Ligand code: G6P
């Protein structure tokens with residue numbers, strides 16, 4: 001969602017700002033803009049549409065060496081040039097970019113309007129710009145502090161003041177802000193992706209912090225009106241600009257699908273222990289006694305992370321024989337959940353920023369729940385909130401549709417399940433079987449990816465379909481849900497996931513020759529049941545695409561997507577891969593904007 005870039009230093013700001021916005025495009029946005037100071041006011045260039053359109057509007061060199069820029073995802077007010085950020089105060093001397101939502105914006109706008117302020121946009125952000133501009137405090141820092149004391153909601157902001165042109169004031173409450181430290185220059189962004197081209201030295205602001213940033217220094221303090229200084233040391237990010245480049249790939253989704261064997265190897269590296277047939281997860285900070293005391297496991301996440309959680313719950317029940325389930329974090333946070341002392345809660349998030357998952361983690365901590373995070377982005381809000389857990393080591397995931405992060409989440413949860421099992425009753429032999437199975441995964445994923453052309457041909461055959469079912473039983477059920485999600489989000493073809501066992505309790509009524517079904521058919525104890533389901537569908541003239549590692553009767557399915565054999569417990573990890581390729585090629589055939597599906601964002605940082 002919304003992206004922020006700020007620069008102060010020796011170089012011209014505008015090209016750095018625009019390039020930074022380009023790096024943040026993957027997050028999803030609908031308009032873009034920038035502001036730089038000039039002798040007699042701000043130069044503000046903003047537009048609905050893509051960063052490229054903003055670039056086209058910059059007709060001449062802009063000499064300013066300080067500036068702020070933004071990509072907006074509409075919340076208050078439709079996407080439009082006027083609603084795009086930056087926003088100015090009434091005097092035109094304060095410019096502001098903002099991520100997040102100001103919840104009392106309506107009240108603030110009404111008060112400001114009553115005081116004679118005329119609004120130029122429908123946004124919540126503009127109210128904050130006016131509050132800062134109207135503050136009578138002595139310095140910009142104090143003006144920002146005073147204005148924010150009247151604001152309820154979430155924000156990451158960067159403020160520029162024409163009367164103090166040597167500084168940026170930034171603040172954070174709920175929306176990420178990171179400072180990048182260069183040589184006599186400083187960068188500000190909502191995401192390190194915008195900085196890594198320039199510096200690897202960064203400082204993450206925490207919620208409730210403010211920073212005054214100058215070209216060669218920064219000062220951090222608490223946001224309270226009675227502020228106290230906060231000492232923050234820079235950390236080094238090990239990301240490089242190549243992580244955000246396409247290389248030879250057509251798009252990021254394809255690049256990330258093909259990175260899975262390497263990403264998986266990284267997730268497994270150093271974490272499998274053959275001798276004791278278990279997993280070694282150094283980041284969870286729990287000893288065997290604490291692990292044995294757990295009576296239940298609950299996974300919380302949104303979207304693909306939630307489906308990975310469902311796969312994890314099944315693995316925990318099978319390997320550790322502890323009751324486990326997954327729940328959308330977005331639901332959990334609002335239903336006043338019962339938090340049990342002997343339940344292990346696990347927050348799952350690729351970005352580590354998803355607001356619903358972060359809020360669920362905060363609620364759990366408030367109630368004293370035991371919490372782990374399974375997160376990709378090191379230093380992200382959820383990683384820091386959880387304090388301990390498992391990093392995914394998937395590398396940056398840019399495409400909105402999650403692929404390698406989901407695979408690494410499910411694999412990390414398999415290791416957690418193995419560990420929980422091995423401190424209980426999972427035998428050494430079964431532990432060894434799972435360890436060996438996990439070790440085979442990277443090569444087997446590569447084997448599936450090598451059949452991409454065959455999957456693409458199947459996808460092309462079904463590209464004119466308007467709606468599809470995805471069905472699976474038990475281990476196959478979250479796979480079906482994830483497969484349907486992938487297809488929906490990038491191809492816009494309607495897809496509905498159902499438990500195969502429930503098909504005849506309603507959805508079968510929809511099956512005819514226009515409604516194909518993708519069915520997950522592992523060679524496991526439910527094989528004959530799944531074959532029965534295929535026959536029921538075929539009897540109603542429905543086409544069937546089977547994702548399978550079984551030898552199905554000749555001609556039973558209309559198409560097969562083949563998966564190598566591993567241990568049945570690990571099947572969901574492998575069965576997800578052909579469905580990524582299927583969705584990808586179907587969307588490509590339909591000419592969709594694969595990395596940036598309409599209406600969706602990579603990191604959903606608002607409710
Ligand atoms: C958004 C994305 C999904 C993603 C979900 C959770 O809805 O479009 O692809 O699965 O957020 O994201 P997270 O970063 O928390 O895993």
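Placement of Cβ uses the backbone N, Cα and C atoms for every residue, glycine included.
Under a cutoff of 8 A between CB atoms, and with a sequence separation of 6+ in the same chain, the neighbours of residue 2 (active site, nucleophile) are 27, 29, 70, 71, 72, 73, 85, 98, 99, 100, 175, 190, 605. Residues or ranges marked as active site, nucleophile in TrEMBL: 2.
The C-beta environment of residue 602 (active site, for Fru-6P isomerization activity), restricted to residues of the same chain at least 6 apart in sequence and closer than 8 Å, consists of 1, 26, 27, 28, 351, 397, 398, 399, 400. Positions annotated as active site, for Fru-6P isomerization activity by TrEMBL: 602.
According to TrEMBL, the feature domain 'Glutamine amidotransferase type-2' maps to 2-216.
The domain 'SIS' annotation in TrEMBL covers 286-432 (among others). Confidence over the domain 'SIS' (286-432), given as mean pLDDT on the 0 to 100 scale, stands at 95.
Residues annotated as domain 'SIS' in TrEMBL: 458-597 (among others).
In the three-state DSSP assignment, the secondary structure recorded for residue 602 (active site, for Fru-6P isomerization activity) is coil. Taking H, G and I as helix, E and B as strand and the rest as coil, DSSP gives the domain 'SIS' (286-432) the counts 69 helix, 27 strand, 51 coil. Following the DSSP three-state reduction, the secondary structure of residue 2 (active site, nucleophile) is coil. Applying DSSP to the domain 'SIS' (458-597) sorts its residues as follows: 65 helix, 26 strand, 49 coil.
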